[in-house]
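Visitor: Below are the structure tokens for one structure; questions will follow.
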Ligand code: FES
């Protein structure tokens, strides 16, 4: 909304410098005002508006602001991009590793161009300062001026804008770390110096050199503007080199603002709820409706989220929420009884309406991503996280398909309702009458960039992972509620963990988990499954490389170095530094 007001004001006021396309200036400002006002209204009136629409509008706004700045040549728009780029980046949310790497690469490339151009211009300024031949001086200033009005603005704005976007879409922030804040100050200072006096001093030095050449003068007659141009570009270059070194060595740690940030992990609060309804939704499966004891609203959640059930026996089990996120007074879960399991499901089946239990969460390790199409592959009770996802996607008119495998139709919870509501999108494959799903064919037929979601027994998940590995265009999302033991043959090496907030270094021998060492220092540590499947022990990594052995991270995210699930994961190398 602030940007809309700025754009409206800019359309009324005269331009600071004559723009190169004067006729386009006011119409583009009005377009920018309409776009940013529309975006602000959309976000406040319909907070659940489809993300592609919000981000699409954001992108159009950003591109229009950059066009106004560079093509129309409006100085105010040049600085207004500083508002719009971080705002749109924030809308995009925290970046996943791949786009983050792409943004880092773009930033490094832009910065390298900026340094290269600054070096060239400074070298020419040196030539202009030291030559005794006035014609050489004129040529050097002419080249400097060309760089100054063509490549240099693009390079420095690309560097600053990608830097701003990186700051707001990663944990680096803009003022959380000294090295980021100093880099930002250097970049802004150079920009102010350039627009404040450097550009004008260079122009004057160039004009003066041309006059001297025409009048038969010498370089000794050049005035202070030549000195200003040399020292100005030289100082900018030194600043850029300092910024590069700061990026490489990241000295100084966190600022006061960074230290005041909420802790990386807050212990999950346990809520007491009552079983408001209990009924059998399929053979062997019961559906429970849970309501807060005082009837107050329960924490909000998104499709894919799960909660921990803290049972009267003290057992803690995780179950996906399968109701409607809009119903804030209740949670719904469905539980299959597994008589040969560890006792949790049998205990839940023994719960009756009116009994009280504890819950923690919700937590979402299985979020619904934006994709052109969706394929859901459910095995047995693994159908539950897909119910709210399907509901949401169908409301949006998205392209989705569900393949649901179970032992037999009577044991497949929600199968009848799903088939009745979405006959063309749902394929039921009960094992007593149908062959296994042909995952290879399903993935081969899926439209490009389909998001494939799979939840169910381990063998189905493993099969999906193997087939998805053969289809690089497919993004597979899995959720497990039992450990896959993917690292059962991995050897445990001892290592050291530095718990940075506590200032403690602990030695982790081969036969001890990292989580147990953290618990000794921070007993409030949040944990639940201790099997690497629930995600509750997620801990921020500040340095070192995690050896991910959990089942929470997707295959594409297993090279992440900013997070670890210490109940099962360890460190590669001798030391890891954690935000604990
Ligand atoms: S406690 Fe569940 S992932 Fe670590």
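Glycine is no exception: its Cβ is also placed from the backbone N, Cα and C atoms.
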Visitor: Kindly point out the range from 76-92, 263-279 that TrEMBL annotates with transmembrane segment.
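Guide: It is 76-92 that TrEMBL describes as transmembrane segment.
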Visitor: Does the transmembrane segment (149-170) make contact with the transmembrane segment (228-249) through 3 or more Cβ pairs under 8 Å, each pair 6 or more apart in sequence?
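Guide: These two segments do not touch.
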Visitor: Could you check whether the transmembrane segment (104-129) packs against the transmembrane segment (26-45) - three or more CB pairs closer than 8 Å, residues at least 6 apart in sequence?
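Guide: Contact between the transmembrane segment (104-129) and the transmembrane segment (26-45): absent.
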Visitor: Counting only CB pairs under 8 A, let me know which of 26-45, 76-92, 177-198, 228-249 has the most with the transmembrane segment (52-70).
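Guide: Highest pair count goes to 76-92.
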Visitor: So which residues does the transmembrane segment (228-249) touch in its own chain, when a touch means Cβ under 8 Å and the partner is 6 or more beyond its ends?
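Guide: Residues packing against the transmembrane segment (228-249) from afar: 111, 114-115, 118-119, 121-122, 125-126, 128-129, 141, 144, 179, 182-183, 186-187, 189-190, 193-194, 197-198, 201-202, 205.
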Visitor: When secondary structure is assigned with DSSP, how many helix, strand and coil residues does the domain 'FAD-binding FR-type' (266-369) contain?
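Guide: Helix/strand/coil tally for the domain 'FAD-binding FR-type' (266-369): 6 helix, 45 strand, 53 coil.
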